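Below is one structure, written out as structure tokens; comments come after it.
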């Protein structure tokens, strides 16, 4: 296989990878065993008979419309949360350390009203408050004070049949975790056994900044110890074909999007039931978890609490929140390669303090690891380049006899001790590393808003002036000049077009990925030029000796 075929193989492999990833996203196979998810109107969910035990859920009360409900804000060192009096819903959650994709003057709002994205919670049981019930904020601070580590927000609903209910949200310093707790005081004359539900609501539209060239998964996901990480598409929920674990005594439920995640994390060994559903007549979906509250005798109090993580997909933080939560940073089928690459990138960043330079250093390290393979490849290419005139002569002599031409070419390769596959195999070995690095740079929230130098203000966004893609095209053009020229004029023209095709594709790729490619190309050019120069010098010396 000569150089032109090698490059064509690389292009075909990369293109196939991109097509496969997008095919998986839009054409996932139909699951055999589906969990029913009938359209709903936004009412409280109903637990299954197995989870209900003695509970008898009733009809939720009529709520104040969202448009007329009052709101108030809570501010910590990391968050600015807006809470609605209706249900005590989290209707806005600004992440103070992250900016909007299309307006860096604004904080990124995870619970974005444009996507009808919010976190809701309620109780299931006759007369008990749901996410449609009006609550009252019972005083207290709305800003985390200096020197304090947590801020509690207490909401109370109107008494129903002697039952008093309070919803307490606890915000913590330096954390994206919010504890959502229920206090139920049973002043009635009979025991009650309510359930608490916690759900995330969102439409099916991709977040701002997503393109088909660099699209990632958006939708709900479930994790349990038994069945591990399970992504569920909005399409499968809408078609009643969603497949996921429904009951367990461990695990969490999340709503995933590029760079960020919100997840309900009940306490371990608490029996729970996961559900997903489409709100009737809309493109809005709800995914949640139901947990039982212990039976509350007359005159007694009961409590239930679940943690909500709502923030960036920082792997180190996610691992501490719950087992498997770091899997929302999805590297696909190359996780075994991508995970150590990210670990190395993070370690380098701690030393150099800049993610752009960390990418440069990591590229040099990867190039050093593959140096022997690359050297073997470039030596083979250089020898093939020296044989180009003789191969052209053979083609001119035996062009009409393909079998004889191939025989003569193989004789030439054997005589000159050249392996035509030598330039291909070493580079093919590196393809999984490149694809894994692609997913690392695409999925790492650390790259979002991270500057490099001068005009590169965000390594997760495309180069605004297309300087890096142009440099990449130039570097690829130089590489084609260092490679053997195809004897076929048409193939030669195709090879000359490849830098333009690749460069055009990379106009929309994250700058961090293009930076890796540029640095890799520059190092490859230097290595290939040096090897070619040495081989040319050796060949010339051998010819002089023969003369």
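Glycine is treated like the rest: Cβ placed from N, Cα and C.
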Have a look at 404-424, 425-445 and point to the one annotated transmembrane segment in Swiss-Prot.
425-445
Annotated range (Swiss-Prot: transmembrane segment) out of 459-479, 522-542:
459-479
To the transmembrane segment (459-479), which of 328-348, 425-445, 499-519 is linked by the most Cβ pairs under 8 Å?
499-519
